[in-house]
Amino acid sequence: MSTKNNPETWHQIRLGFTANLVVAASVAAYGSVLGLLAAQKGLSWLQLLIMNLSVFAGSSQFVMVDMWLPPLPILEITLAVLIINMRYLLIGASLRPLFHGRSFIHKALHIHLVADENWAITMGRLHREPTTTAFLLGGGLCIQTAWCTGTLLGHRLGAVINQPEQFGLDFAFVAVFTALVFSFWRGRQDLFPWLITGLVAIISAQLLPGKWYILCGGITGALVSAFSPVNQEDKGYDA
Amino acid sequence: MMPDLIQQQDVWLTIFAAAMVTYGLRLGGLLLAERLPRTGRFQRFMNALPGTILLSLIIPSALAAGFWGWVATLFTAACSLKTGNVFVSMLLGMAIVAGGRLLG
């Protein structure tokens, strides 16, 4: 609480915001497609805005809008959202070192604005430069702003870009994650766990629906790492 | 009565339920992780987790993007290793995929 007016906090928020600007452009483009679909399904712009602000998870919102038919299958939609967003359990868990020593209120307020994009950018920076939860929040604000702007534009004016795939925008997410993944490489100890992660992710993406592959690959790989013999010191993120 | 009309209260209930579930997963993950021991295998599991999640996010999507997706992933990776610049690497990857699709 005492850090609220700290200039360093504002500095970190600004840094986090700008670090997410490029990927936010593709977030907005995808948002405009969702906005168009939502308008076709009869969602009002206000309902869509509230959904953006409160759910704030892109792929699950696409599925929600897809299932948006009368009478609303509330239970089915909620279950689908639970399954698609299950990865946030892991993403939340992996943020432990960033939130170390923070109050419950601080955690409860900051954790909401965690999307794949600002999570990855924050974690990639965490062990290279001083990074706080304000950096994560700044990124979250950037992604949230882009998401709301994109969806509302799409809702009011039709999709700004009808086929984002033509411009490689769907690949933006893969590209940004690929560019970041090397900052998570800790040395040879990671080779075998990462091979297993890739293998399990590919196989489970073939066999299981939705986003289960993220959980399967992530958990299996981390388990392999946990149960590998330790040769050198395990450089971690918990400083 | 009007089966083809979406009830307003259903709309808000659905959005509320989806929001609670998603927020519960985010906060639940963080709070659960803090109950795990900070030593031994649990710590090593937690330390490995960010990298393995990110890798699982990338690989199936890169595969699904076809030949140009693989080429772009390789160039993005190489550019990121050489320059350390995430943005330039990302733009390069997107340009390759867009270019590949333009060629058909």
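Just so you know, glycine gets a Cβ as well, placed from its N, Cα and C.
TrEMBL has this to say about the protein:
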TRANSMEM  A:21-39  transmembrane segment
TRANSMEM  A:45-65  transmembrane segment
TRANSMEM  A:77-99  transmembrane segment
TRANSMEM  A:134-155  transmembrane segment
TRANSMEM  A:167-185  transmembrane segment
TRANSMEM  A:191-208  transmembrane segment
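Against the transmembrane segment (A:167-185), stretch A:21-39 has more CB pairs under 8 A than any other of A:21-39, A:45-65, A:77-99, A:134-155, A:191-208. Residues 27, 30-31, 34-35, 37-38, 77, 80-81, 84-85, 88, 112-113, 115, 144, 147-148, 151-152, 155-156, 211 of the same chain lie 6+ residues outside the transmembrane segment (A:45-65) yet bring a C-beta within less than 8 angstroms of a C-beta in it.
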